[in-house]
């Protein structure tokens, strides 16, 4: 059964501006070390960062918290299965909230271009 859904769209140039202006401080506040390593290893790193930003926002919507109740950006981590399929992993307070809702699985879909990144998360029991 679907317990929650979330979707978000991000303007890639906005993320590029934040990275340019705040550098490692921005990256470290939003992304986990593994996410930073992955994105920086790709030619289109800014698009990848934007897609992960959108995924984290979508996940916040799927569990219904936003950035309230002790939930942080690092509570949501985008990974990849060996075949390339994106995954959403909940940590800390976000994991507690998702489990409290009965959530056992999060489905993530992301897409990005030079201008936009979009992500959708479905929380399922």
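First residue shown is number 1, and so on along the chain.
Yeah, the Cβs are placed from backbone N, Cα and C, and that goes for glycine too.
Per Swiss-Prot, these features apply:
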type    : residues : note
BINDING : 8, 57    : Mg(2+) binding site
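Neighbour density for residue 8 (Mg(2+) binding site): within 10 A of its CB lie 19 other CB atoms from the protein chains shown. Proximity of residue 57 (Mg(2+) binding site) to non-local residues of its own chain (separation of 6 or more, Cβ distance below 8 Å) is seen for 6, 8, 10, 119, given in sequence order. Under DSSP, residue 57 (Mg(2+) binding site) is assigned to a helix (H, G or I) in the three-state scheme.
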